[in-house]
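Per TrEMBL, these features apply:
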type	residues	note
COMPBIAS	1-10	compositional bias 'Basic residues'
REGION	1-51	region 'Disordered'
COMPBIAS	17-28	compositional bias 'Gly residues'
COMPBIAS	41-51	compositional bias 'Basic and acidic residues'
DOMAIN	54-114	domain 'RNA-binding S4'
């Protein structure tokens, strides 16, 4: 905890330790320095300054973090990291296309050439950018865009719902890799009634021809005579895995919609429409992918 500046002992200690340098003094109100424990030892510090880059506070303001003055305060308070290094000097310049910035632990997207979209794939649309059989494809909905986008994973032609589109190859590859276990949420209409122990059975695991599969969670959303709507959450990415799993337990899927990928929600987005992801959604995907 910082000692009030008026005390002589603190002043003497500050002189001996070089505490008068920029970014090393206490915060206003005597609060503890938020990033003090995170600072890298001097011998391990890496110079993140790029002389031909853009000023850090300008990039943060352009990314919507706050006004330039507010971003300057964030920097001097030690709440901004560049490539894992806490930056407290206002003269630092960085390359937004190669360097990674976090504010209060959340990644800030600086490269405006990167595109992140949520797309509600309609039924009957193939999850490809071009279909050799001339069937409707995801690429048909992107013909007016200049960006070279690709889809993150796939949805079956008979499944509608949330499909992520981006030109961020590293993020897309990680989100599809099973080791990161990004959860995906589906709503399925199946024949009813649903036995009370079905959720327990699915959480314990069901054996399929290509290995066992288990859900992260399962619940009944609605039940009508002869039919039920169930919510299934799992992080599997195998082909037709939801359909095969529910059929294996005696409840073949009649209709299937993916509503969530990680913290990104389909919401009220209409079929065939797309929207840009929010900065919070993008940050959540980066965290899920370990970036």
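In case you wondered, yes, glycine gets a Cβ from its N, Cα and C as well.
Secondary structure counts, DSSP: the domain 'RNA-binding S4' (54-114) has 16 helix, 15 strand, 30 coil. In this model, the domain 'RNA-binding S4' (54-114) carries an average pLDDT of 89.
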